[in-house]
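Presented below is the structure to which this report refers.
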Amino acid sequence: MGWKLAATVLLLGLGIAYMSGLFSSPPDPLEIGDGWWGRGDKPKKEENTSVYRFNIHFPDGDLANLKERLRKTRWFESVEGTKFHFGIKPEYMKKIVDYWLNKYDWRKKEQELNQYQSYKTNIEGIDIHFVRAVPRLKVGQKAKPILMVHGWPGSFYEFYKIIPMLIDPTRHGGTEDDIFEVIVPSLPGYGFSEAAHKQGLNARAAGRIFHKLMTRLGFDSYYVQGGDWGCVVVDQMAGMFPNHVRGIHVNTIFVQPPMSQIILGNLFPSLVLENEGYARSLPSREWLRYVLMETGYMHIQTTKPDTVGHALTDSPVGLAAYIIEKFSSWTNYDWLDLDDGGLDAHWSKDDLLTDVMIYWMSGCITSSMRLYKETFPILRSLGNFLNTVPAGLADLPNEVMRAQKNWASKHYTDIVSYKTYPTGGHFAAFEVPDLLAKDLRQFVQKVEQRLLNNLKTK
């Protein structure tokens, strides 16, 4: 018992240190700074702050090239009985490719993507793409602005199911007071946002860029929401600009339990864990096994993103396999035991391929992975502050990493709402948009009521 416990504690210490990014000097956690990510030196002339419309469309030649590559795919034989434990199976990918070639309609998807107007504007030397969904307002009615940020391997498209619920709430279970104006940017280097041409564009820089975007659009006070990298980015925004971010809502809670609870939880789990659903998020042998088995992609992207980028940029099937596999294991880890990874029953091929197509057609996979390289070495220091902005936390039962409310309160000091969903995994807006919309409305209602009460007492 003694040596096993000592070994476990040692491994946990190494694992926590590595996963926390303890391999660089931490900067000032709230240093806002500035940046220039364009080619060459920053021009001395005044910055161009114009915002212009952007239409999503690619020429026929690009689609013909894609189909030619799909037809020339080189396949390999799978190992019998592996389900999804070795990754996404070639048998399943052949079904994806057949659908991609013969049924998937990109032109139809372009129309769907363009149903909400896209724009671009140059910030810190790079063109930032964003979708702006403006509601129809009655006389005297005001919409609450909200910035919603995706992660990897997601895109702005994952918010297309929740947008109508936010801009037209009365048709989706809300009231007229629940109306939002929704801004959905593509992270720098993702989708149709230009990639940085210089080193250093990390999650904090992305947050600063998005704050500049919101103020450029005329929003001095606004809400933010995000998951995955989006959570990290909006968390940075709340830390840097607490007087502008009215409230923060996240569906990925990147907060580790205190060391005292880690130690106690490994000895007496029932004294620490509210239920077994949080066991995989408490650093332990189970946690360490999960980390070692499921974060290979992260190690590659944190160290040598450009190397794997050559393969993924050149092969549409390779790119699709790399991305789609995450929609299996990150939606429900138990689906590794299924022949199709649980994908067919839970995700439409159209939705999966549209996300893949945004990466393929824009050629952004390599630059998207660089966010890991730029951010992970300083990830721990980025979270080394107390987030005092009113917070709404969504706890999804199948999320990759979860955090109990008492853990989360160590970082989020003003938790207005903490809600455990009955279902859902990593891609909340994509998977359970109705639950997220309802939760988001209730959170904002509480914050707005508090603001109103504060005004009355002054």
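Note: Cβ is positioned from N, Cα and C throughout, glycine not excepted.
Residues or ranges marked as signal peptide by TrEMBL: 1-21.
For 53-159, the entry in TrEMBL reads domain 'Epoxide hydrolase N-terminal'. The average pLDDT for the domain 'Epoxide hydrolase N-terminal' (53-159) in the predicted structure is 97.
Annotation source TrEMBL lists active site, nucleophile at Asp228. Classification of Asp228 (active site, nucleophile) by DSSP places it in coil, neither helical nor stranded. Neighbour count (other Cβ atoms within 10 Å of the Cβ, all protein chains): 25 for Asp228 (active site, nucleophile).
Close to Tyr372 (active site, proton donor) in the fold, though at least 6 residues off in sequence, lie Trp152, Met298, Gln301, Thr302, Pro305, each with a CB less than 8 Å from its CB. Under the three-state DSSP scheme, Tyr372 (active site, proton donor) falls in the helix class. According to TrEMBL, the feature active site, proton donor maps to Tyr372.
TrEMBL lists His426 with the feature active site, proton acceptor. In the three-state DSSP assignment, the secondary structure recorded for His426 (active site, proton acceptor) is coil.
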Counting by DSSP secondary structure, give me helix, strand and coil numbers for the domain 'Epoxide hydrolase N-terminal' (53-159).
37 helix, 22 strand, 48 coil
Asp228 (active site, nucleophile) to His426 (active site, proton acceptor) - Cα separation in whole Å:
8
Any same-chain residues 6+ apart from His426 (active site, proton acceptor) with CB under 8 Å of its CB? Would you list them in sequence order, or say none?
Gly227, Asp228, Thr252, Lys326, Trp330, Thr331, Leu396, Asn398, Glu399, Val400
